[in-house]
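The ATP binding site annotation in Swiss-Prot covers 26, 27, 28, 29, 30, 31, 32, 33, 242, 269. Per Swiss-Prot, the feature active site maps to 57. Annotated Zn(2+) binding site per Swiss-Prot: 281, 284, in sequence order.
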C-alpha cells in the first residue's frame, strides 16, 4: 500500500512531544542550513516556547549561518528571542575533564592519573562523548537569570547540527562508549586501588571521581532512553540528489534503525527545478536531469518518509531574515513556478 505522506516537515514542527531533533548527513549537503531552518520554524511556530540549536561539528557554521558569533555558552539569536545557539568545542571539553581529574588528585606521580590520560585519549568516540557531556553540562546549568541558580531555562526542543555521518554515528553510540570507559576505570580502581594507595595515590579523590563518572553514566542512560522514543526524538537526514549522497543516506538510515532511533524525514537540498526556468542553461538542464533520476529513486525507496525538496538559490542563505524566507518551504512545498522569485530576492549578508 503506497503512503501519501506530506512532502514537508510540518508534522515534525507541529509535534508537541519532541525534545530532541538530530540533523545529519554527508559533508557539504546543507546540514547547517537545514538545522538552522528547522530551529527558526520551531521558534516562529511556537513563540511561547524556548528552543536551543547546538552544533557538535568541530567545523562550526552556526555563526556564519546567522551572521552572529556563537560559542560554548548558549546565546540568544538576534531577531528571534526564543531561539538560542551554541557551538560545542571537544578540545575544550577534554581540557576541562583533565583539569577536573587534577582537582581530584593533584599528585603528579600518581600512576592512575597517567593511565586515565592514556585511556581517555585512545578510546574510539571519546571526542563525541566529551561533546555530549559538554552538552549535558550546559543544558543543566543554563539559567534565565545568572544570579538565580534555581531559575533555569526549560527548552521545549533541542536541535543538533551534527558533524558528517561517521562522527554523528559515533556520537549516538555514546552510552556504550561511556559504559566501556567507566567499566575500565572501575576495574582499575578495584585491582590497582590498594597499590595506588601504597604508592601515594589519594584514595578519597579517586572515589570521588568514580562517583562522578557513575552519575554521568546514569544521566546519559536516561537521555539514551529518550533517544529511542519516537515521541521524544527524531533524526532528519539531509542529502543532495546524487549517487554518493543517496548511498550515504541509506547507510545512515540503516545504522540509525539499528540504534532504534526514529527517522522518517529526508531533506533534499540544492535542487535546480530547471524544467520551470524560462531560459535554462544547458548545464542546469543536464544536472536537473541527473537530479530527477535520483529523486525518482528516493521517492520509490522512501515512500513512507517525508521527502522534502528544497531549491538551490542564487546566493548563500545567511542571516535570520533569509533563513525565515527559506525555511518556510519546510512547512509548505516549494513551487518552482510560484516561488521562483525567491531565488533572486535573498539579500547577501
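Cβ atoms are placed via backbone N, Cα and C, with glycine included.
Sequence features, as recorded in Swiss-Prot, placed on the structure.
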residue	record	Cβ within 10 Å
26	ATP binding site	22
28	ATP binding site	11
30	ATP binding site	21
32	ATP binding site	23
57	active site	23
242	ATP binding site	17
281	Zn(2+) binding site	11
284	Zn(2+) binding site	15
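In space, 57 is the closest of the recorded positions 57, 281, 284 to residue 32 (ATP binding site), judged by Cα positions.
Of the candidate recorded positions, 57, 281, 284, the one lying closest to residue 28 (ATP binding site) when CA atoms are compared is 57. Of the candidate recorded positions, 57, 281, 284, the one lying closest to residue 242 (ATP binding site) when CA atoms are compared is 284. In this structure the residues listed as binding ATP are 26, 27, 28, 29, 30, 31, 32, 33, 242, 269; their two most distant Cα atoms lie 19 Å apart.
When the recorded positions 26, 30, 57 are compared by Cα distance to residue 284 (Zn(2+) binding site), the shortest distance belongs to 30. Counting only the Cα atoms, the space from residue 30 (ATP binding site) to residue 57 (active site) is about 13 angstrom.
The CA atom of residue 281 (Zn(2+) binding site) is located 36 Å away from the CA atom of residue 57 (active site). In the three-state DSSP reading, residue 57 (active site) counts as coil. In this structure the alpha carbons, written CA, of residue 26 (ATP binding site) and residue 57 (active site) are 12 Å apart.
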